[in-house]
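To start, the structure under review is shown below, and the notes come after it.
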Amino acid sequence: MGLTTSFLLVPLIGWLTEGRYYLARSPLSLQNEKKHCVCVVCQNTFEQEDIAFCPVYTGFICSLCCTLDSRCHDACKPETTRLTGQIKKVAYSFLPRSLAFHISGVIGRYFLIFSALLFCAGIILYALYQNIVKFPHISSYQLSIIFWKTFFLLSAPLTVIAWFLVLSQRSYRAAENENRFQTRLLMKEIRAHKRTDQELKKAKERAEAANLSKSRFMVGVSHEIRTPLNSIMGYAYLLENKMLAPEKQNEGLKVIQRSAEHLSGLIEGLFDISKIEAGRLDILHDKINFQEFLKHLTGMLRFQVNNKKLVFIEDIPENLPEYVMTDQRRLRQILINLLSNAIKFTPSGSVSFSVRWNMEIATFEIRDTGIGIPDSDIERIQEPFQRSSHPDSHRIQGTGLGLTITRLLVQILGGEFTIKSTVGQGTTCRVRLMLSQTESKENPPSTCNILVHEGSRRPTVFVIDDDSVHRGMINDILEPFGFLIYSAGSGQECLEIAQHMHIDIFLIDINMPGMNGWELARHLRKSINHNSTILVISADEQTSLGNNREELCNSILSKPVSIPDLLLLIGQTLNNLTLTQNSSKESHVLHKTLHEKDLSELRRLSRIGHVAGIVRLLDKIDDSDSEDIQLIRDMANQSQIHKLQNFLDSYEERS
C-alpha cells in the first residue's frame, strides 16, 4: 500500500509544485572518462551512477555516505524545499512583513515546537481519557476536569522543554558554524603556508642563481684584473732590474699606463652600476665636436678589429652637426660597450657602425655577424651578471656588466635601447639619444701648463694622507713645477704645522686614522687658512656630504688620480695661471732646431689633425733620433693634437 501510494503521489506532487521541491540534483558531467570514481569520505570505488557531487566536501560522494552524514545539513538541498523555507514563504504571503519576520525566526520556531509538544501531550491524554471513561463507576465530568488540569500542568514543563530544544539547536548550529569558520581559517592558513613555502623555494632558487652569477662575475672580474696586473708587474720588474733594452723602455711604460687605465675603467664600471641603482649618477652637458668624437672612438677600437681580422664598416655621413650637447663620457661609455661586445662575440665576418642624426635625435646602430643571442636571453642578459645561454658565449671572458650599464645609462639620458638578434647570423643594437645641435664654436683647449715665475713667491701645497707612498707621488708630481710641498700623515699633524703659515692648496685624503678628512677640512675653514683651496683626493666613492660639501672643499678627485686633471684643477684654482716645469729644475733642452719650413708644415698638419702626415714628415727629417723629434712623434701617435700644438708654439718662441 505504501509503495503504491508513493509511486502514485510523487508524480502528482511534482506536477502540482512544478518541480520546485524536487531534491534530486542535476547530473554532473565528470571531467574524466573513467567508469569508476572514488568517494571522498569512505575512499571506496563506485560507479558513476552511485555517486554525486557534494558541495560541502567539494568532491564526489557515494549515496550511503551522503545519507549517513548529517553534519552537512543537506547543503545541496534548495532552501525552498526545507520546512523553514516553506513556513517563511507562507508567513510572508499572508502576514505583515514585521510579524512574518518574527514568526519565521526563533519565536516562530519556538511556537512550532511548543505546539507540537502540546499536541502530542493532548493526544496522549485524550487516548487515556477515552480508555478510562468507559468504566461506568467513573464520572466523565470529573475525569475531564482532571485531564484538563493535567494538560495545563504539563504545558509549563513543555514550555521549558521547547525553549531548551530551540536553544540547544541554536547552540549546536552556532558551534557548527564556529567549527566551520575555524576550519576555513585553518585551511586558509594552510594555503598561506603553502604559498609562503613556494615563495621561499623561489627565493632560495633566486639566491642560489644570484650567488652562482656573482661567482661567475668574480671569475670574470678576476680575469679582467689579473691580465693588466700581470702586465704591470711584469714590466715593472723588467724596468726595475734594467732588463729592457733602452728603445723598449718607453713602450713598457706605455703598457703599464694602459693597464692601469684599464683597471681604473673596470672599477669605475662597478661604481657606475651602484651609482645608477642608488640614483646618484651625475649627468653633464658637454659641448663636443661630433665628427672628431666619432673618429677618435672608431680609432680606439680599430686595433681590436685588426687583431681579430674582422671587417670594420663605418657609415658616418659628413652632414652630421659639427657640435652637439651631451654627456661625452657617458656617450663614449655606451658606444664602447656595444662596439666592444660586437667585436668580442664575432669570431669572423664584419662589424658595422652607422650614425644618423635627424631633428635633434641621433641614432647609433652597431651590427655584427657574430654568434647571435637567443630570443629568450635578450631581456635576461641586460640584467647584472647575466650571460647568454649560447654555448660559445661562455668561452668569451667578460664581467657581465656592459649591457646592464648601457641600458641604465641610455634610460637616464632619456633615450631608447633595443636589441635584435638571430642565432648564428648576428646581432643589431640600436641606441637613440637626443643630441641637440649647438653653435660651431669650440671651447678653448684646456692646458695643464702652470708657469711659476722665478723670483716670485712659490705656491705652497700641503699633502695630507696616511699613505706615505701617495704623499711621495704627489710630491714628485708637483715639485718640478716649483711648488713648495709640505706633507703630513694625519689631520692633527697638519693642524699643528698649518697654523704657523699660509697654505695655498690643501690636498686631503678622507679615510685617515683619528681625524678624518672632513673633520680636518672643517678645522681648516675655521682657522687662518679659511680662504685656502681644499681639494679632496680619496679612494672612497661615498664622499658626498650634500650641500655641506661645497662649504668644506673646492673639488673632489677620486683615486686613481689623473695627473693632467690634477694639474689642470690646480691651475684653475691658482687664478688660472699656467703651469710649466720650473726653470730652476732641469727642463727640456733643445738638441735640434727645426727648420722654419718643417716647423710651419708641422703646425699646419697639427691644425688639421693629419697624424699620418706628421709621422711621414718626421721620418724625412735627418736627426729623427733627437729628443724633440721623438717627443713630437709620441704626441702624434697618441693623437694628443692640442698638446702638440702647444709644444710647437712654445718651440717657436724659444727658437
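Including glycine, each Cβ sits where the backbone N, Cα and C put it.
No curator has checked TrEMBL annotations; they are predicted automatically.
Now, the feature entries from TrEMBL:
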- 107-129: transmembrane segment (TRANSMEM)
- 141-166: transmembrane segment (TRANSMEM)
- 186-213: coiled coil (COILED)
- 220-437: domain 'Histidine kinase' (DOMAIN)
- 460-574: domain 'Response regulatory' (DOMAIN)
- D509: 4-aspartylphosphate (MOD_RES)
If you count Cβ atoms within 10 Å of the Cβ of the residue listed as '4-aspartylphosphate', leaving out that atom itself, what do you get? 23
Across the domain 'Response regulatory' (460-574), DSSP yields 48 helix, 24 strand, 43 coil
Note the mean pLDDT of the domain 'Histidine kinase' (220-437), expressed as a whole number. 82
